[in-house]
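Asks: After the structure tokens below, expect a handful of questions from me.
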């Protein structure tokens, strides 16, 4: 295997492009977290485009040439390494490599996949995978190294300050356990050298009783210590997990649109490894170190030679751990990544079970899950096998040293430099001493686990939350929304909306229509700050919406998405959950009647107290939509945006609800119309095409113009 000093592994399967770019940057002295590069390059759930990598590299003052090349590229004398190439890995997976050099028939590559890392690939195989796309990069005259740090594992140890009481208590228990261990060794020596040697049965019974009491006390104190450690683990887990959840909930919408749910969810497993390392390290440093010193001092007073033999365990264990370190990290990363892919696949399959059954894809789905599960088992087995090898070698050396120490002690007994009782005491102390040393040296694998897990967690924690704004109190009644030359595009992608100029006034009923992908839903998300304009501005009562707190804005402009979520709980809880001031019974009934769902709720055995699961499986698609509409009507927001919210309803029910909504003179309602029957009843229709408003007016006016709207209606 070749070594790449600037190697950077991908964290998720969509990170290969930005990981490759991170290697190029690192080769020239810059360290940029992958999450930062994802944002700059516009990485999506499909990965990163070559265009995104080129533009991001330029932001860091690199000169970039994107070319289509062939193998003659490697014959050029002026070719500068490293550079990025696009490949189709294993004949199916679009991927990026960093080419670090070439030798005769070998191409030296750094594969962002941590299961591969740096290898010398046969030129023939490389040419089979390479698409010919090549990104040649070099810093220009304005380049200066950039170092952006991320949260290190050391910073997490600051959490232990709040757990001082538990650590002190565990230390207190351990001090007594240590004393009892020393006492056990001394009592063992006393039994052999005095009670047995003098054939004193009464004294033997006395010492035996003392040993029994010592062992009972040891067991109780050890139980108390472990209980404190469990409590410490729980409190650390609570802090880390809840902080992670809080951060995830604060992230902007596009974060969730560019990642698989399973990958976000799998980070919860990573926190367990961090907690294990924090708790284990704090306990070992405060307890095992003191314990080892105590046993070592007592052992030294009995035989410095035996102590010297025992201390050899430290360099031996350290050598084993260092020898396994790189492979350990690689296999652990593979196991975590395989588990994340399996989790994502399971979540997707369960969410899409209806479609799977409708398309008779059960066998296909099972095969996909089976393949990913086998990958988890394979990665887990390789990692477990490595751990077993490591542990077996540790045990072997520990047993060998114990044997050597015992043989050495036996020679001292033969020379009358040590009594048999002292040898037995040394044997007991030796076991305690070497166990505590192994615990201390064994922290390294835990810290390795935690470091890998922390790197994965950082890729989420480094994402900036939705921006906060100063304006939080919107006491002025809603008057109008103005869009002034508004445009929007995702990073490194074509514009979704362009040059929108529009005024929406209080009480208006507006319908948005147009072909799929024309920008209607994106328009709605701009109004609620799910997205922020990349051009122009949106004014709410003459205040720029980017200066308004998101929660305050969304309480004024209520958005009902295409696929609204219902949560586990009763129907009543689902209706009232979002609102700090709970609606009255009359208000709830009114909202449900407006949404044409009240009678159907009352027909259920428990009525509004009917319990729903997280998917509300007892309700039809249309019932779910109507329940979501009722929940929106309970909002005090003067502006409602309904994004194809009646798409699952029959025409009669849809017409009834639409008429009810149009009768709300105090509400501004924006319909994103799935069916043009809704649009026909709106006061104003906005026709979207290719990210712009190409027509607007009433149904009658637009039909008379015989343009796009006319074509949509008559199609």
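For all residues, glycine too, the Cβ spot is worked out from N, Cα and C.
TrEMBL entries are annotated by machine, without manual review.
Heads up, here are the entries from TrEMBL:
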DOMAIN    10-137  domain 'Peptidase C39'
DOMAIN    168-449  domain 'ABC transmembrane type-1'
DOMAIN    481-715  domain 'ABC transporter'
TRANSMEM  165-183  transmembrane segment
TRANSMEM  203-223  transmembrane segment
TRANSMEM  277-300  transmembrane segment
TRANSMEM  306-325  transmembrane segment
TRANSMEM  395-414  transmembrane segment
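Just tell me what is around each of these and how deep it sits.
Replies: The DSSP breakdown of the domain 'Peptidase C39' (10-137), given as helix, strand and coil counts, is 45 helix, 48 strand, 35 coil.
Taking the domain 'ABC transporter' (481-715) as a whole, pLDDT averages 88 in the prediction.
Note on the transmembrane segment (306-325): residues 296, 299-300, 386, 389-390, 393-394, 397-398, 401, 404-405, 408-409, 426, 430, 433-434, 437-438, 441-442, 444-445, 448 of its chain, located 6 or more positions outside it, place their CB under 8 angstroms from a CB of the stretch.
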Asks: What parts of the chain pack near the transmembrane segment (395-414), using Cβ distances under 8 Å and only residues at least 6 beyond its ends?
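Replies: Hits for the transmembrane segment (395-414): 303, 305-306, 309-310, 312-313, 316-317, 320, 420, 423, 426-427, 430-431, 434, 438.
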